[in-house]
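Undergrad: Sequence annotations record features per position, and here TrEMBL assigns transmembrane segment to 27-45, 100-118, 124-150, 171-195. Annotation source TrEMBL lists domain 'UBA' at 312-352.
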Amino acid sequence: LVAATGIFLFLFFFFFFKDKAPLSKSLLLVPSGLSILLTLLFQHYQKFFVYNLQAVKEDFQIWRLVCGRTVCLDLKDTFCSSLLIYSFRIFERRYGSRKFSSFLLGSWMLSALFDLLLVEVVQYVFGITISSLPSGFLGPLFALFVPFYCSIPRVQVTQILGHLSITNKTLVYILGLQLLTSGSYIWIVALSGLISGICYNSSVLKVHRVICIPSWVAKVFSWTLEPIFSTAEPSSEIRVGMGATVDIQRQQTMELLDRQIMLSQFAQMRRQRQQQGGMINWNRLFRPLRQRRNANYQDILQSEQDAPPPTEVSEEQVARLMEMGFSRGDALEALRASNNDLNLATNFLLQH
């Protein structure tokens, strides 16, 4: 039954994964396909994909870090990991494939280091020798919970018994909890993943500047692999079928609600700044309005001259918006209008 479920999951995502997220699709299809093949047909090769820390430390089998931290040997873990990758594809659509892959690479490397450190700490404090950990692409998956908690708005969907709230993020947390309880020492992998996600997201440590995908590498993979895994996004919701694709429609609805909440935060920020005597210079975002000749044009120019100096914009955030395809001028204006808030600026530019 588990094997049949895994095969169905693989086929489902292969035919119905229509979002513009080629990296997420490749991470979902390739490790899941290898996991199913190792479980059903090539069980004698599973020993090469065991995440054996003792072999890494004593025999210097560094290749086990790559094999053991890529493919799950348990189909239940494969199922949960695939659903989480499908849910976290929103980050690739929001930040771009290069930044998303840089986050995965950085969290993968940091979580490998923290795995070794936590195993040594457990052995020193509790006297428990851990020779191997659960296999799979688990460290970066748990690291993605950090930006998911920090940057994805929480939208209440319903309530149970009038007290327990069900939000658009509840299912993802339930999947993470299910994955966390699937093995005896998987909590070590989860903890190292969360720590690596915090370190990579930290603006103090600047890890994202050290561990990142070079632009030429991103271009090479874009030319070679993106045509294979990339599929066009449906042009209208009418073309999306019912039945097996209900989850896709629900996820698209949640993402639309997320954008609407971001825009409402824009409006609330504008009202607050106007009450404080300041104003958001929307004329800079809507350049064609400047060209309208009317009686109040001189008053508009005078108000722009009397307005306070623009907010200082972080060049790092400007670079992130430019990586997503926006021009430098639009990125500067959006960040200034949103008080240097990257998420609000991104959603505003996407909407306009």
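Using the three backbone atoms N, Cα and C, a Cβ is placed for every residue, glycine included.
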Undergrad: Calculate the per-residue pLDDT averaged over the domain 'UBA' (312-352) and state the result as an integer.
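TA: Mean per-residue confidence for the domain 'UBA' (312-352): 76 out of 100.
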Undergrad: Which sequence positions outside the transmembrane segment (171-195), separated from its termini by at least 6 residues, show Cβ-Cβ distances below 8 Å to it?
TA: 74, 76-77, 80-81, 83-84, 87, 107, 110-111, 114-115, 117-119, 122, 130, 133-134, 138-143, 145-146, 148
Undergrad: When the domain 'UBA' (312-352) is classified with DSSP, how many of its residues are helical, how many are strand and how many are coil?
TA: 29 helix, 0 strand, 12 coil
